Amino acid sequence: MGGTRTQNFEAALSPQDGMPCLRLTSAEADTLRALAEAFVEEFGAARPADLEHQLAEIAVHAHRVPERMRSVLNGFRLTGRPNGGLVLSGLPLDEQAVGATPRDYTTAPDTAEVTTATALLLMIGSLLGDPFSYLSQQRGKLVLDVFPIEGHEGEQLGSSSTTLLEWHNEDAFHPHRADWIMLLCLRNPDAVPTMFASAHDLELDEEHRKVLFEDRFVILPDESHTAQFNAATTGIDDGDGQAAAFERIRRMNHEPERIAILGGDPDMPYVRIDPAFMQRDLGDALAERALQGILDAFEARMRDVALAPGELLIIDNKRAVHGRRPFKARYDGTDRWLRRINVTADLRSSAGRRFGAHGRALV
């Protein structure tokens, strides 16, 4: 019986902006809020040293979410169907109670509504895998906020606004990049679209496809992982772990390895790509043409997904890419605000490289 439910999980989905969407009932939303609030009440006052225990407990609580939702998430986890992306709509959220959109990374949102929404986000993420972070990004903070920051308008950063945030796999440069990226919308009054495209059935020249499976390409770390950016935004700790993280980023920038853009099953390949941080002059004419070919193929498949408060976009980070359209920020506390987590299917593969209070900040 359970296997049949997993196989038929797509029957519960309906389209939204061309994306498969699970629309929660009011009863399901009430159950989720009660679960999240109960978890916060029991564990919310834990000391920083207890964060690792909190994450272990939230993974147990996750199995109490409504069965229909568990079935859909399990099917998506196993298959990525139908297109490497999934929207959950109708999650419990009171936009008026979340507080003002932050203006910089040092402003910690601490309203009860944000805390409850965060617990719910981590609970849902734990049904797919294990939430984690990077020690080279905001001191290893596990849950990241995405909002515009004054002065970042034209940068290739999640905190930009007036420029197009080019589509990409999140942290494509990193050997331990996330399997899933989860974006929970807290506020989006201007319906700013997230861009999305699946790697499934890309129209590629067969010669180019073969080349894309070979280690002939270079992806550099994005700016948010550099020591300079972190020093200017969140500050840097003195610990050996963070020093090692930034040293690794420095080496990746100055001594990059050649990697393949496509991998895995040729009929259902994984993708690893970040055009804004890829070398274009490769000294390899065929590889350069293959790169341009897959860039064009993704552009042809790009769609816009405008999230509303209480909607969660889950992206299969190895089968799909995402970005963001330009918009005009106001910096008045009402701008677009998402909460984001990275989730891995195999936390054990990074053993020996994890630090931080929660034990999941990767070097």
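Counting starts with 1 at the first residue shown.
Backbone N, Cα and C atoms are what each Cβ position is placed from, and that goes for glycine too.
Under the heading Fe cation binding site, TrEMBL lists His168, Glu170. Classification of Glu170 (Fe cation binding site) by DSSP places it in coil, neither helical nor stranded. Residue environment of Glu170 (Fe cation binding site) contains 18 other Cβ atoms, counted within 10 Å of its Cβ in all protein chains.
Sequence annotations record features per position, and here TrEMBL assigns domain 'TauD/TfdA-like' to 118-341.
Per-residue confidence over the domain 'TauD/TfdA-like' (118-341) averages 92 (mean pLDDT, predicted model). Around His168 (Fe cation binding site), the C-beta neighbours below 8 angstroms that are at least 6 residues distant in the chain are Ile273, Asp274, Pro275, Ala276, Phe277, Val321, His322, Gly323.
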